[in-house]
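S.K.: Summarising the annotation, TrEMBL assigns active site, proton acceptor to His19. According to TrEMBL, the tRNA binding site annotation covers Tyr14, Tyr64, Asn66, Asn112. The site 'Discriminates between blocked and unblocked aminoacyl-tRNA' annotation in TrEMBL covers Asn9. Residues annotated as site 'Stabilizes the basic form of H active site to accept a proton' in TrEMBL: Asp91.
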Amino acid sequence: MKMIVGLGNPGRQYAGTKHNMGFMVVDGLAQRMGLTLNKLEFDAATATTRVHDEKVFLVKPQTYMNASGRAVRQLMMYYQIRLDEILVVHDDMDLTLGKLRLRQRGSAGGHNGIKDIISATGSDEFYRLKIGIQHPQRQRVVDWVLTPFAKTDQPVIDAAITKADDALEDWLNGMPFAQLMNKFN
């Protein structure tokens, strides 16, 4: 079993914002796979499929970012998903725009969605795929993450989403995580 969780904030007003990078990546993967995340369960929009006879969940928590852990924990408990079967996709201000970074575990690094998942699950032992949104120059962080990307940045963002979805497909197809990190980091 595998579960890919894209972090973001629900609601039309947050669509396309930097903090919704995880949602954008999961939506892109769902589209590639011919899926729609239209099942609402445990505070999340989900889609389920099978890849090589393994059950796969695509998840977008419908709580706000800072409460993402609740949805992740509920899905884990109900479907008996282990931490090492979870990959969380999220934005990262400390990475340059569009840069990907895969990690096997680690601290929240200031990301409140990750912090809440660590708190809710009691562990940081889950995979992450971070996508760079760059640090704001003069803007407050909260304002920065809740604004859309500049039109001039869209080609970089589109390429990052495509590359992130390539990495997720490789993971679903059984590529070992260490090899995935070598290929995409």
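The chain as shown is numbered from 1 upward.
For all residues, glycine too, the Cβ spot is worked out from N, Cα and C.
Map the listed features onto the structure and describe their local environment.
M.R.: Taking Cβ-Cβ distances under 8 Å and a sequence gap of 6 or more within the same chain, the neighbours of His19 (active site, proton acceptor) are Leu7, Gly8, Asn9, Met65, Asp91, Ile133, Val145, Leu146.
Same-chain residues at least 6 positions away in sequence with a Cβ under 8 Å from that of Tyr14 (tRNA binding site) are, in sequence order, Gly8, Asn20, Leu146. Taken residue by residue with DSSP, Tyr14 (tRNA binding site) is part of a helix.
Following the DSSP three-state reduction, the secondary structure of Asn9 (site 'Discriminates between blocked and unblocked aminoacyl-tRNA') is coil.
In the three-state DSSP scheme, Asp91 (site 'Stabilizes the basic form of H active site to accept a proton') is classed as strand.
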S.K.: Measure the Cβ-based neighbour count of Tyr64 (tRNA binding site), defined as the other Cβ atoms within 10 Å of its Cβ.
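M.R.: For Tyr64 (tRNA binding site), the count of other Cβ atoms within 10 Å is 16.
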S.K.: Using Cβ atoms only, which residues of the same chain lie under 8 Å from Asn66 (tRNA binding site) while being at least 6 residues apart in sequence?
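M.R.: Asn112, Gly113, Lys115, Asp116 - these are the non-local Cβ neighbours of Asn66 (tRNA binding site), listed in sequence order.
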S.K.: For each of Asn9, Asn112, count the other CB atoms within 10 A of its CB; which of these recorded positions has the top count?
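M.R.: Selected residue: Asn9.
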S.K.: Other than Tyr14, Tyr64, Asn66, Asn112 themselves, what residues in this chain have Cβ atoms within 8 Å of the centroid of the tRNA site's Cβ atoms?
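M.R.: So the extra residues in range turn out to be Asn9, His19, Thr63, Met65, Ala67, Ser68, Gly113.
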S.K.: Other than its own, how many Cβ atoms are within 10 Å of the Cβ belonging to Asp91 (site 'Stabilizes the basic form of H active site to accept a proton')?
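M.R.: Total other Cβ atoms inside 10 Å, all chains included: 25.
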